[in-house]
Amino acid sequence: MQGLLLRQRKYAAYYLVEGDLLKPFPRVSEALKLQKEADALTKAKMKVKRPAIKAGSALLKVDPLFSVKGGKIYVDKQRNAYNASTQFTDISTGINKYYNLQVIQTNTTFHFFTRWGRLGADDKVTNDYRQYSHGQSLKSAIQAFESKFFGLTGIAFADRFDSSQQPGRYAIVELDGYLHDETDESENKTDMNKDATTAADLPVKREKREQDADASDNERKKKKVKNQPSSSVK
């Protein structure tokens with residue numbers, strides 16, 4: 001009988017905590033509007049032109065377990081390379097896992113390739129791969145790639161450069177390839193060389209200043225001696 005009474009507000013009020021237990025659900029129209037805005041932002045990010053990709057870099061490397069010859073990583077017009085590597089560390093067990101995804105093109109056929117396992121292990125129990133042919137449907141292959149990427153990381157593929165690791169999800173491992181990476185490194189090396197050159201010049205400049213100061217002191221001493229009156233001997 002008491003359980004039935006607790007269903008009534010006046011009896012249940014004593015047991016309730018302050019505040020709302022559940023936030024009200026948004027209206028369907030509002031939810032659709034937010035989803036539409038998010039989709040538009042994602043499309044806008046995917047239209048951003050990426051830097052050129054270096055030939056032979058890790059970003060363009062097809063997994064060696066891919067079974068069809070002549071495969072290439074698909075890169076769209078904005079230079080988005082559909083090749084991703086993720087890792088997850090289980091703190092409780094100390095096990096490091098990885099999951100790699102690729103959209104690979106062979107002639108007019110598109111494949112979605114996945115490979116996963118434990119880092120440092122080479123057995124087939126914990127390490128395996130799958131490849132799925134999507135025929136000539138590039139859209140289908142990309143959808144499979146982006147869906148799996150989001151499921152692993154909790155991040156949209158378009159946001160991969162702007163987001164940090166989500167709690168309990170795989171971390172994104174950035175693959176080398178975009179030329180801006182090398183530009184940043186060369187700029188850092190140039191700055192380091194400038195600093196080293198400046199530091200090396202400091203002793204030389206200090207020594208030159210000391211020499212100039214000594215020369216000035218000598219000149220002043222000579223002038224002082226010359227201007228002093230000569231004493232007569234009695």
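Every residue number used here counts from 1 along the chain in the order it is shown.
Note that Cβ sites are derived from N, Cα and C of the backbone, with glycine treated the same way.
Automated prediction, rather than curation, is the source of TrEMBL annotations.
Look at TrEMBL and you will find 70-170 tagged as domain 'WGR'. Averaged over the domain 'WGR' (70-170), the predicted model has a pLDDT of 94.
Here TrEMBL flags 183-194 (among others) as compositional bias 'Basic and acidic residues'.
Sequence annotations record features per position, and here TrEMBL assigns region 'Disordered' to 183-234.
Positions annotated as compositional bias 'Basic and acidic residues' by TrEMBL: 203-220 (among others).
For the domain 'WGR' (70-170), the number of residues in each DSSP class (helix H, G, I; strand E, B; coil) is 19 helix, 40 strand, 42 coil.
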